[in-house]
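*Asks:* Submitted below is the structure of interest, expressed as structure tokens.
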Amino acid sequence: MLDRVVVLLSVLCLGVSSQPIPNNQHLFSMAVSRIHHLHLRAQRLFANFESSLQSDDQRQLNKIFLQDFCNSDYIISPIDKHETQRSSVLKLLLISKQLVESWEISSHFLPGGLAERSQISSRLAELREGIQMLITTNQEGAEVFSDSSTLPLAPPFGNFFQTQGGDELQRRSYELLACFKKDMHKVETYLTVAKCRLSTEANCTL
């Protein structure tokens, strides 16, 4: 009886130890899936907010937003798809992490219900942790220093989230949702390109 128990435990231990440890591609797949979900949610929130506006208000807010900028624009990132493709995997990861971090607090001010905002904040925190794991597994001394040293932290939001009324609140809400959608699109692009670089896929063009 004892011999049978020992054999059974040995088989169970062997089964556990043979389970594959998540590799880069698995971690990247999880990160890309999470950011894709966040990007879709950002698009939906923005579309819902726009649909609640009058046509004239939409045009006016869009015109104002084009002349304005997002707080995260202080984070230096590739200016176009060509620069994105030339950037190292680590640099894309570092930028993605900063963009995600810049929304962990500000996501609490997104228009919508408390449950929605809470879910978004939780997803952002999970994504940041996943990206940090990828940075740790992909960093290589000199590259870390050269890439991370060029990425300044975004400054505080100041009075961006101060309670406003009327048209000002509407404008701030529009800008916040537009910036959130824009940044989630950036992160999804960067993580997708970085994932492709480390795979066997020959074509990583955008």
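Sequential numbering from 1, following the chain as shown.
Each Cβ is built from the backbone N, Cα and C atoms, and glycine gets one as well.
Annotation comment: Swiss-Prot describes H37, E188 as Zn(2+) binding site. Residues annotated as disulfide bond in Swiss-Prot: C70-C179, C196-C204. Taken from Swiss-Prot, the feature pyrrolidone carboxylic acid applies to Q19, supported by similarity to another entry. What Swiss-Prot lists as signal peptide is 1-18, and the listing cites similarity to another entry.
Could you place the listed features in the three-dimensional structure?
*Replies:* Of all the Cβ atoms in the protein chains shown, 21 others lie within 10 Å of the Cβ of E188 (Zn(2+) binding site).
If you take the C-beta of C179 (disulfide bond) and look for same-chain residues 6 or more apart in sequence within under 8 angstroms, you find C70, N71, S72.
For C204 (disulfide bond), the same-chain residues that are 6 or more apart in sequence and have a Cβ closer than 8 Å to its Cβ are Q85, V193, C196, R197.
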*Asks:* Once the chains shown are all counted, how many other Cβ atoms turn up within 10 Å of the Cβ of C196 (disulfide bond)?
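*Replies:* Excluding its own Cβ, the number within 10 Å is 19.
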*Asks:* Including all protein chains shown, what's the count of other C-beta atoms within 10 A of the C-beta of C70 (disulfide bond)?
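*Replies:* There are 18 of them.
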